[in-house]
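Student: Following this message is one structure expressed as structure tokens.
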Amino acid sequence: MAELIWLVPLLPLLGVVINTLLGLNDLRLSRANAHHDHGHDHGHGHGDAHHGHGDNPTAKRSGLIASVMVGLGFVLTVATLIELLGMPAKTTLGENNRWFDVTYWNWMAFGDLEVPFGFLIDQLSVTMMLLVTGVGTLIHLYAVGYMSHDERPTRFFVYLNLFIVAMLMLVMGNNFVMLFLGWEGVGLCSFLLIGFWFEQRDPPWASVKAFVTNRVGDFGLLMAMFAIWALARKPDGTFLHSLVFREVLEQGTVFSLQQYSTFFMGTQYTAAGAIAFMLLLGVTGKSAQIPLFVWLPDAMAGPTPVSALIHAATMVTAGVYLMIRTHPIFELSPAVQSSVTFIGVATALVAASIALGQYDIKKVLAFSTVSQLGFMVAAVGMGAYVAAMFHLLTHGIFKALLFLGSGSVIHGFGNEQDMRKMGGLRKKMPVTFWTYIVGTMGLIGFPLVSGFWSKDEIIGHAFDHDHRTVGMLLILGAVLTSFYMGRQISMVFFGEQRDQHIHAHESSRWMTIPLAILAVLTLASGLINIVVLHPLTTWLEPIVEEEAAKFHLNIAAIVTILGLASFAAGFYLYNWAAKHKRIKPNQRDLLHHWGGDFYAILEEKWGFDALYNAVLVKPYKALASFFGKFFDVKIIDGIVNGTAELVGLSGRGLRTFQSGYVRSYALMFVIGVVIVLGFFALR
């Protein structure tokens, strides 16, 4: 498969090309038809399909093309996995390590730096490829039904396929530049997909917010790359001048980054620590951690398949992948590792608490995603790389299920997202309800479901390795998670429908079949690293050099009991509230009456948006306004317009000398001769 691995990203890229050409042809035909129908009754020229009321025939065509291309990529990835399992042991990257590195050409050359275009396929990258292509295929199929009424389904599937290409480049690239190419590519696709419904008010602003916020983190990653290129040395002491992973992450090369250090206020700071910190800045942007997490909840303005694919299953996990890939650099700086853990725990708690105050069904899941990413980041900070990867995989599956389930609810409930208007939908959407319950079981860590194993492995590692405070705080995060999911299940699926004007119905099979498959995967994916066997640990051990985690029945029991009790509390509290008419559209939450100002803080997301708006956005807009109105108009335009005015004035002045009289020209000639002679006489 090594010689065919390039097909995995090429196939979805081919889908981009095919759908783009078909879309351009559709546009040409529609313009020709519009021209032909000009002057006739336009009421018959615009079908409901183009206004969101009927099926758009291009949705199925474009969606199937896009889905097949990603699905074929998944098949090739599975074949690659089988080949890796059958490869003999290699020792270049560690004991019993199976990998292959394929370089196709030297992509760029700057002085001593050569950047190859190639792929590193090892245990870590192929695991990520399985998630991207496998879950990606199901989300593409779901999107065929979800986007069936949209005006521009072809464009949507072009963007969705392009995202898959970028994400595959990110996880398959054999060097930092390839990773950065994919890193920026998924950021661009996220911008395009969040703002896909640009006619509406919120999506364009949300896409800009996501794009700008991520650029802050991307700056950190870029600076880390420059520092690695400039400072890394080979074991013999010569400069490496390479950004290829296998060369940079070799033990001798990584240790060379410790040679550069300085003391400040009695503390030693090394180049390795600075690089790790800059990488962490990139992670906080892409994986939505404090302080750069504010973009992800607003990204819910995009179509729901986007939320599932980009903002739950794949793109937001890129930061976690980056830290696991570069973990030798982080391990050289315990201070940065502690910072990683702190940021992860803080994000897990803050985001989980904010989810308690949300009414939008997708916003609850968005903050849940931020919180669960905090669990993964905290795990990496503690050195629990396998646990982080395990939770990344299980979360990618059950959170994709939950997002797609929320999309099914929205699709079948008149595009309404406010949970206060819902209720009783389990009777009208049975498939969506039961699959949503399975996804919830995964998220809250219901016994034997995937999240039970992966989340408890992170918490168990914390108690095992002297991080008791971290473990207890993560348990608190898990308890909050269970409560807000109990609240959501009760408000959406139980009681009576509160907005009777909406006719709720189950979604099409295009949407429910992927939900059912993801539900089965949610129930089964805990086997990926089941206790005793630890297959994922064995698989990733050559990359992360980590021993199998111990399973602590007492910790798992405590977390499970607290989680189920919290879920029951949230469920029955809001069930009681619904029966007593305490939940009404546009009415503040029940907890607001008890929590008062504190709950209002949760509703306002701890004031992060208000703070950034006051400290960053408003001053930036004021500065931009100053430069636009004063500097640009007065200075730049003043110079341009002033130059034109000066030339015009000079022309008008010289025109007075063009009288047409010979005596005037003779006089000017004499004056000129006198000036020239005077000049030479005075030299």
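Using N, Cα and C of the backbone, Cβ positions are placed for all residues, glycine too.
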Student: Under TrEMBL, the annotation transmembrane segment belongs to which of these stretches: 103-123, 124-144?
Tutor: 124-144
Student: Let's see if you can do this one: DSSP helix, strand and coil counts over the domain 'NADH-Ubiquinone oxidoreductase (complex I) chain 5 N-terminal' (107-157), in that order.
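Tutor: Across the domain 'NADH-Ubiquinone oxidoreductase (complex I) chain 5 N-terminal' (107-157), DSSP assigns the residues as follows: 29 helix, 13 strand, 9 coil.
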Student: Would you kindly list the residues that approach the transmembrane segment (210-232) from elsewhere in its chain, counting only those six or more residues past its ends and only Cβ-Cβ distances under 8 Å?
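Tutor: Sequence-distant neighbours of the transmembrane segment (210-232): 113, 176-177, 180, 183-184, 187, 190-191, 194, 239-243, 248, 253-254, 256-257, 260, 271, 274-275, 277-286, 292, 294-296, 298-299, 322.
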Student: If you average pLDDT over the domain 'NADH-Ubiquinone oxidoreductase (complex I) chain 5 N-terminal' (107-157), what do you get?
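Tutor: Averaged over the domain 'NADH-Ubiquinone oxidoreductase (complex I) chain 5 N-terminal' (107-157), the predicted model reaches a pLDDT of 91.
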